[in-house]
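Novice: Here you go, one structure.
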Amino acid sequence: MRFSLSNDELLATFTPVLVYWVYSGIFMILGDLNNYRLHTKAEEESKNIVSKTTVLKGVLLQQSIHITLSLLFYTITGSDKPTSPQQFSMVVFILQFFVAMVVLDTCQYFTHRLMHMNQFLYKHVHSQHHTLIVPYAFGALYNHPLEGLFSDAVAGAIAVAISGMSPRAATVFFSFTTIKTVDDHCGLWLPGNLLHLCFANNCAFHDIHHQLYGLKRNFSNPYFVTWDKLLGTYMPYKLEKREKGGYEARPIAYTKTE
(Lines of atoms letter the chains of each structure in order from A and count residues from 1; the text may use other names and numbers.)
(Lines give C-alpha, C1' and ligand atoms only; values in the text may rest on other atoms or scores of the structure.)
Protein backbone atom coordinates (compact mmCIF):
# COMPACT_ATOMS: atom_id res chain seq x y z
CA MET A 1 0.00 0.00 0.00
CA ARG A 2 1.17 3.53 -0.71
CA PHE A 3 0.00 7.00 0.16
CA SER A 4 0.50 8.94 -3.05
CA LEU A 5 -1.18 8.50 -6.42
CA SER A 6 0.07 9.14 -9.92
CA ASN A 7 -1.43 11.81 -12.16
CA ASP A 8 -3.04 9.09 -14.29
CA GLU A 9 -4.69 7.55 -11.25
CA LEU A 10 -6.03 10.93 -10.16
CA LEU A 11 -7.34 11.55 -13.68
CA ALA A 12 -9.08 8.15 -13.67
CA THR A 13 -10.73 9.10 -10.39
CA PHE A 14 -11.89 12.65 -11.05
CA THR A 15 -12.32 12.98 -14.83
CA PRO A 16 -15.55 10.90 -15.03
CA VAL A 17 -17.12 13.16 -12.40
CA LEU A 18 -16.29 16.24 -14.44
CA VAL A 19 -17.56 14.54 -17.62
CA TYR A 20 -20.84 13.70 -15.86
CA TRP A 21 -21.64 17.32 -15.06
CA VAL A 22 -20.40 18.69 -18.38
CA TYR A 23 -22.45 16.25 -20.43
CA SER A 24 -25.60 16.46 -18.29
CA GLY A 25 -25.12 20.24 -18.27
CA ILE A 26 -25.33 20.24 -22.07
CA PHE A 27 -28.80 18.70 -21.85
CA MET A 28 -29.82 21.33 -19.30
CA ILE A 29 -28.61 24.09 -21.63
CA LEU A 30 -30.51 22.57 -24.56
CA GLY A 31 -33.74 23.06 -22.62
CA ASP A 32 -36.99 21.16 -22.93
CA LEU A 33 -36.78 20.26 -26.65
CA ASN A 34 -40.42 19.15 -26.63
CA ASN A 35 -40.24 17.75 -30.18
CA TYR A 36 -37.71 15.12 -29.08
CA ARG A 37 -38.83 14.24 -25.55
CA LEU A 38 -39.91 10.70 -24.65
CA HIS A 39 -42.19 12.21 -21.99
CA THR A 40 -43.76 15.62 -21.78
CA LYS A 41 -42.50 18.15 -19.28
CA ALA A 42 -45.84 17.85 -17.49
CA GLU A 43 -45.29 14.10 -17.09
CA GLU A 44 -41.82 14.69 -15.67
CA GLU A 45 -43.20 17.08 -13.07
CA SER A 46 -46.22 14.97 -12.13
CA LYS A 47 -44.82 11.42 -12.22
CA ASN A 48 -41.43 11.92 -10.54
CA ILE A 49 -41.85 11.74 -6.80
CA VAL A 50 -38.54 13.27 -5.78
CA SER A 51 -37.34 16.85 -6.21
CA LYS A 52 -34.36 17.81 -8.35
CA THR A 53 -32.66 19.22 -5.25
CA THR A 54 -32.88 15.80 -3.60
CA VAL A 55 -31.59 14.16 -6.79
CA LEU A 56 -28.66 16.58 -6.91
CA LYS A 57 -27.72 15.77 -3.31
CA GLY A 58 -28.04 12.05 -3.99
CA VAL A 59 -25.81 12.19 -7.07
CA LEU A 60 -23.14 14.18 -5.23
CA LEU A 61 -23.20 11.59 -2.45
CA GLN A 62 -22.90 8.83 -5.02
CA GLN A 63 -19.94 10.50 -6.68
CA SER A 64 -18.20 11.06 -3.36
CA ILE A 65 -18.48 7.30 -2.76
CA HIS A 66 -17.06 6.57 -6.21
CA ILE A 67 -14.15 8.95 -5.63
CA THR A 68 -13.36 7.46 -2.24
CA LEU A 69 -13.43 3.88 -3.53
CA SER A 70 -11.38 4.76 -6.62
CA LEU A 71 -8.69 6.37 -4.49
CA LEU A 72 -8.71 3.34 -2.21
CA PHE A 73 -8.51 0.95 -5.18
CA TYR A 74 -5.46 2.66 -6.67
CA THR A 75 -3.84 3.02 -3.25
CA ILE A 76 -4.12 -0.72 -2.67
CA THR A 77 -3.31 -1.96 -6.17
CA GLY A 78 -0.67 0.60 -7.11
CA SER A 79 3.05 0.43 -6.55
CA ASP A 80 5.69 2.94 -5.47
CA LYS A 81 8.23 1.31 -7.75
CA PRO A 82 9.04 3.41 -10.82
CA THR A 83 7.75 1.90 -14.04
CA SER A 84 9.20 2.37 -17.48
CA PRO A 85 6.89 3.98 -20.05
CA GLN A 86 5.04 1.40 -22.12
CA GLN A 87 4.50 1.80 -25.84
CA PHE A 88 0.85 2.47 -26.62
CA SER A 89 -0.91 -0.26 -28.61
CA MET A 90 -4.30 0.59 -30.14
CA VAL A 91 -5.09 -3.08 -30.59
CA VAL A 92 -4.46 -3.81 -26.91
CA PHE A 93 -6.47 -0.74 -25.88
CA ILE A 94 -9.48 -1.74 -28.03
CA LEU A 95 -9.36 -5.30 -26.70
CA GLN A 96 -9.18 -4.08 -23.10
CA PHE A 97 -12.00 -1.62 -23.73
CA PHE A 98 -14.25 -4.33 -25.15
CA VAL A 99 -13.45 -6.77 -22.33
CA ALA A 100 -14.24 -4.05 -19.77
CA MET A 101 -17.55 -3.33 -21.52
CA VAL A 102 -18.55 -7.00 -21.41
CA VAL A 103 -17.50 -7.44 -17.77
CA LEU A 104 -19.26 -4.25 -16.64
CA ASP A 105 -22.42 -5.20 -18.53
CA THR A 106 -22.39 -8.66 -16.99
CA CYS A 107 -21.93 -7.38 -13.44
CA GLN A 108 -24.58 -4.71 -13.82
CA TYR A 109 -27.14 -6.97 -15.50
CA PHE A 110 -27.11 -9.55 -12.71
CA THR A 111 -26.94 -7.09 -9.81
CA HIS A 112 -29.66 -4.97 -11.43
CA ARG A 113 -31.87 -7.99 -12.02
CA LEU A 114 -31.32 -9.21 -8.46
CA MET A 115 -32.41 -5.85 -7.07
CA HIS A 116 -35.67 -6.10 -8.99
CA MET A 117 -36.42 -9.73 -8.25
CA ASN A 118 -35.63 -9.52 -4.53
CA GLN A 119 -38.43 -7.57 -2.88
CA PHE A 120 -36.29 -6.49 0.08
CA LEU A 121 -33.50 -5.12 -2.13
CA TYR A 122 -35.94 -3.37 -4.41
CA LYS A 123 -37.92 -1.78 -1.58
CA HIS A 124 -34.95 -0.66 0.51
CA VAL A 125 -32.27 -0.03 -2.14
CA HIS A 126 -33.11 0.10 -5.83
CA SER A 127 -36.53 1.77 -5.58
CA GLN A 128 -34.70 5.07 -4.94
CA HIS A 129 -33.57 5.13 -8.57
CA HIS A 130 -37.11 4.40 -9.77
CA THR A 131 -38.57 7.42 -8.01
CA LEU A 132 -37.57 8.99 -11.33
CA ILE A 133 -40.24 7.43 -13.52
CA VAL A 134 -39.37 10.01 -16.15
CA PRO A 135 -35.55 9.97 -16.26
CA TYR A 136 -33.46 13.04 -17.01
CA ALA A 137 -29.76 13.49 -17.63
CA PHE A 138 -28.27 14.52 -14.29
CA GLY A 139 -30.44 11.99 -12.45
CA ALA A 140 -28.59 9.09 -14.07
CA LEU A 141 -26.60 8.32 -10.91
CA TYR A 142 -29.41 8.94 -8.45
CA ASN A 143 -29.04 5.62 -6.64
CA HIS A 144 -28.99 4.29 -3.11
CA PRO A 145 -25.42 4.36 -1.71
CA LEU A 146 -25.35 0.56 -1.44
CA GLU A 147 -26.29 0.26 -5.10
CA GLY A 148 -23.59 2.76 -5.98
CA LEU A 149 -21.12 0.66 -4.02
CA PHE A 150 -21.83 -2.77 -5.49
CA SER A 151 -23.46 -2.19 -8.88
CA ASP A 152 -21.27 0.72 -9.95
CA ALA A 153 -18.01 1.02 -8.01
CA VAL A 154 -17.25 -2.65 -7.39
CA ALA A 155 -18.41 -3.64 -10.89
CA GLY A 156 -16.13 -0.95 -12.34
CA ALA A 157 -13.18 -2.17 -10.30
CA ILE A 158 -13.77 -5.74 -11.50
CA ALA A 159 -13.93 -4.55 -15.11
CA VAL A 160 -10.61 -2.71 -14.75
CA ALA A 161 -8.93 -5.63 -12.99
CA ILE A 162 -10.04 -8.28 -15.50
CA SER A 163 -9.33 -6.15 -18.58
CA GLY A 164 -5.91 -5.14 -17.26
CA MET A 165 -6.48 -1.48 -18.07
CA SER A 166 -3.94 1.12 -17.06
CA PRO A 167 -5.25 4.15 -15.15
CA ARG A 168 -4.97 6.20 -18.34
CA ALA A 169 -7.06 3.69 -20.28
CA ALA A 170 -9.52 3.52 -17.38
CA THR A 171 -9.93 7.30 -17.61
CA VAL A 172 -11.11 6.97 -21.19
CA PHE A 173 -13.30 3.95 -20.43
CA PHE A 174 -15.09 5.44 -17.43
CA SER A 175 -15.49 8.82 -19.10
CA PHE A 176 -17.19 7.16 -22.07
CA THR A 177 -19.26 4.96 -19.74
CA THR A 178 -20.36 8.10 -17.91
CA ILE A 179 -21.42 9.75 -21.16
CA LYS A 180 -23.33 6.61 -22.12
CA THR A 181 -25.07 6.41 -18.73
CA VAL A 182 -26.14 10.05 -18.80
CA ASP A 183 -27.35 9.69 -22.38
CA ASP A 184 -29.40 6.62 -21.48
CA HIS A 185 -31.28 8.70 -18.91
CA CYS A 186 -31.58 11.94 -20.89
CA GLY A 187 -35.14 11.25 -22.06
CA LEU A 188 -34.47 12.80 -25.46
CA TRP A 189 -34.50 11.01 -28.81
CA LEU A 190 -32.25 13.43 -30.67
CA PRO A 191 -31.67 13.06 -34.42
CA GLY A 192 -28.15 11.99 -35.34
CA ASN A 193 -27.26 10.82 -31.83
CA LEU A 194 -24.42 8.38 -32.53
CA LEU A 195 -24.98 6.53 -29.28
CA HIS A 196 -28.52 5.69 -30.41
CA LEU A 197 -27.20 4.52 -33.77
CA CYS A 198 -24.41 2.38 -32.33
CA PHE A 199 -26.16 0.84 -29.30
CA ALA A 200 -29.54 -0.88 -29.00
CA ASN A 201 -29.20 -0.10 -25.30
CA ASN A 202 -30.24 3.55 -25.39
CA CYS A 203 -32.56 6.05 -23.72
CA ALA A 204 -35.71 4.53 -25.30
CA PHE A 205 -34.68 1.01 -24.23
CA HIS A 206 -34.03 2.22 -20.70
CA ASP A 207 -37.17 4.35 -20.58
CA ILE A 208 -39.21 1.15 -21.03
CA HIS A 209 -37.54 -0.22 -17.91
CA HIS A 210 -38.47 2.87 -15.87
CA GLN A 211 -42.19 2.36 -16.55
CA LEU A 212 -44.36 0.12 -14.38
CA TYR A 213 -44.84 -2.47 -17.14
CA GLY A 214 -41.08 -2.69 -17.73
CA LEU A 215 -39.77 -2.95 -14.17
CA LYS A 216 -38.82 -6.60 -14.65
CA ARG A 217 -37.56 -6.15 -18.19
CA ASN A 218 -34.61 -4.49 -19.94
CA PHE A 219 -32.15 -4.84 -17.06
CA SER A 220 -29.07 -4.43 -19.27
CA ASN A 221 -26.86 -1.38 -18.92
CA PRO A 222 -24.98 0.50 -20.05
CA TYR A 223 -23.82 -0.98 -23.37
CA PHE A 224 -25.43 -4.10 -24.79
CA VAL A 225 -28.80 -5.88 -24.58
CA THR A 226 -27.24 -9.33 -24.88
CA TRP A 227 -28.07 -10.67 -21.43
CA ASP A 228 -31.70 -9.55 -21.71
CA LYS A 229 -32.08 -11.37 -25.02
CA LEU A 230 -30.28 -14.51 -23.83
CA LEU A 231 -32.25 -14.79 -20.59
CA GLY A 232 -35.67 -13.73 -21.85
CA THR A 233 -35.97 -10.36 -20.14
CA TYR A 234 -35.82 -8.23 -23.29
CA MET A 235 -38.92 -6.13 -23.96
CA PRO A 236 -39.13 -5.04 -27.60
CA TYR A 237 -40.58 -1.63 -28.27
CA LYS A 238 -41.33 0.84 -31.01
CA LEU A 239 -41.01 4.61 -31.09
CA GLU A 240 -44.14 6.49 -32.02
CA LYS A 241 -44.50 10.22 -32.60
CA ARG A 242 -46.93 12.02 -30.33
CA GLU A 243 -49.46 14.35 -31.92
CA LYS A 244 -48.34 17.30 -29.80
CA GLY A 245 -44.64 16.68 -30.37
CA GLY A 246 -42.03 14.28 -29.11
CA TYR A 247 -41.91 10.51 -29.05
CA GLU A 248 -43.22 7.65 -26.97
CA ALA A 249 -41.52 4.28 -26.50
CA ARG A 250 -44.26 1.65 -26.60
CA PRO A 251 -43.73 -2.04 -25.78
CA ILE A 252 -44.64 -4.38 -28.64
CA ALA A 253 -45.22 -7.68 -26.88
CA TYR A 254 -43.84 -9.52 -23.89
CA THR A 255 -44.49 -12.38 -21.50
CA LYS A 256 -44.60 -11.98 -17.75
CA THR A 257 -41.44 -12.74 -15.75
CA GLU A 258 -41.91 -13.85 -12.18
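The backbone N, Cα and C atoms fix where each Cβ goes, glycine too.
Keep in mind that TrEMBL annotations are predicted by a computer and have not been checked by a curator.
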Novice: Looking at 54-76, 146-168, which stretch does TrEMBL describe as transmembrane segment?
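Specialist: That would be 54-76, the stretch labelled transmembrane segment in TrEMBL.
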Novice: By DSSP assignment, list the helix, strand and coil residue numbers for the domain 'Fatty acid hydroxylase' (97-233), in that order.
Specialist: 94 helix, 1 strand, 42 coil
Novice: Which residues of the chain, 6 or more past the ends of the transmembrane segment (12-33), have a CB below 8 A from one of its CBs?
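Specialist: Distant Cβ neighbours of the transmembrane segment (12-33) are 5, 41, 59, 63, 66-67, 70-71, 74, 136-138, 140-141, 167-168, 170-171, 174-175, 177-179, 182-183, 186, 188, 190.
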Novice: Would you mind giving the whole-number mean pLDDT across the domain 'Fatty acid hydroxylase' (97-233)?
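Specialist: That region's mean pLDDT is 96.
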